[in-house]
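Colleague: I'd like to ask some things about the structure below.
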């Protein structure tokens, strides 16, 4: 067991500044109108730094810097951009523990998750896209003996990126790595709930990039996010967050006819077929962990398996075992490596989760585990902690339909394969899903029949850089991860060349 020291305390791996500025043009720049807001840690609820409350004037400054850098960066050789991305990955890797502590203090997640997933995945994404851009090739088509079509990949230019509060550092990597690899410059706006860890990241890697290639502007959605997304000076906007905000982002972008990538909400089904209990072996244990994945990152994951569908033949036995597994989840100090469940990212989010607990009760759903705010004592009592909660009910309830974004799972049963698929697809969303079966044919069929962009089969919550991620239905537009993501940040130019000396003969 290791308990990391809190930022700024004796023996700490990192310290936060008491006041941050925006990162624009390779420099730390104060907000134009001199406004700041307090940023509390969800671990204790106490403020620990101030962050710029930026507005359109600051966005314009960042766009000036990004446009100044765009021509030079866009013309660098792919190998040069790849080398810089690899240096960023190395710098993150070297400071992994410090970045994990920074992320915990800003977001509230347990440090074991940040060390095992968030930071290594950020490294993985920079390294992957460094390799992908070097491997990307154009295309040549011979139209006839004298005519050739060349296809080139060219950067879009300046892109706007708005990231959520559930994985601040990782989401910055998801957005920045492909955009930079493709030769774009970026203006990034972190979520106002978790602005500090991305600023700490920039303090570590900012010197590796030419000035203006990456610019970070903080602030609230209406004051900074809207001016960025609606600007006619960006060539694309990429957004991760809730579906309602995604609709607004799409409206803003539509006025300028620019492309969008949207990764939005989810209400992911996690299906357990009867054969998972054919034996009480490693596979069964893995499936029970798969059920409990609804509590990973405090349920603050767009693909949270927040609907569990258990085949009726094993419903009672499996649910009993799953409840035991869930009740064994350890809550405590997020900086303790033994802690499995940290705090919600904000008090507002905690209150939202608690409101859905009441909604579930009013609908007649039954709580079989959790259901209350977690009281941890000491100075953690001011933090935003929630017990992992299991409801049982029916798929027509609001807790089955609406995204809660907390450690809450709604459980129901199904009779057969068709019933399972029907329940799974009875949702507005289609971001993720899980399928658990020892039968390969069943697992494959279910994976194909579920209407979701990412279906985990006999696993859950794996996010490798080289696997495409994105949603069906109201869960978004476009994909992240995988080399295909490069094309979301590129124009395709066709150069159609005739090598014939002869006229076409029309006139």
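Any Cβ shown, glycine's included, is placed from N, Cα and C.
Residues annotated as active site in Swiss-Prot: 263, 302. As annotated by Swiss-Prot, NAD(+) binding site applies to 219, 220, 221, 222, 223, 224, 225. Taken from Swiss-Prot, the feature N-acetylthreonine covers 2, and the record attributes it to a large-scale study or a structure entry.
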Colleague: Which number gives the other C-beta atoms within 10 angstroms of the C-beta of residue 220 (NAD(+) binding site), all protein chains shown included?
Modeller: 15
Colleague: Residue 219 (NAD(+) binding site) to residue 2 (N-acetylthreonine): how many Å between their Cα atoms?
Modeller: 34
Colleague: Round to a whole number and give the Cα-to-Cα distance in Å for the pair residue 224 (NAD(+) binding site) and the residue listed as 'N-acetylthreonine'.
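Modeller: So the Cα of the residue listed as 'N-acetylthreonine' lies 39 Å away from that of residue 224 (NAD(+) binding site).
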Colleague: Non-local Cβ contacts of residue 225 (NAD(+) binding site) (under 8 Å, 6 or more apart, same chain)?
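Modeller: Listed in sequence order, they are 162, 189, 219.
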Colleague: Go through the recorded positions 2, 220, 222, 223, 263 and tell me which ones have a CA within 10 A of the CA of residue 302 (active site).
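Modeller: Of 2, 220, 222, 223, 263, within range: 263.
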Colleague: Return the residue, from the listed recorded positions 223, 263, with the maximum count of other C-beta atoms within 10 angstroms of its C-beta.
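Modeller: That would be 263, with the highest Cβ count within 10 Å.
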Colleague: In Å, rounded, how far does the Cα of residue 222 (NAD(+) binding site) sit from the Cα of residue 263 (active site)?
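Modeller: If we compare the Cα positions of residue 222 (NAD(+) binding site) and residue 263 (active site), the gap is 19 Å.
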Colleague: List, in sequence order, those recorded positions among 2, 220, 221, 223 whose Cα sits within 10 Å of the Cα of residue 263 (active site).
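Modeller: So far as Cα distances go, none of the recorded positions lies within 10 Å of residue 263 (active site).
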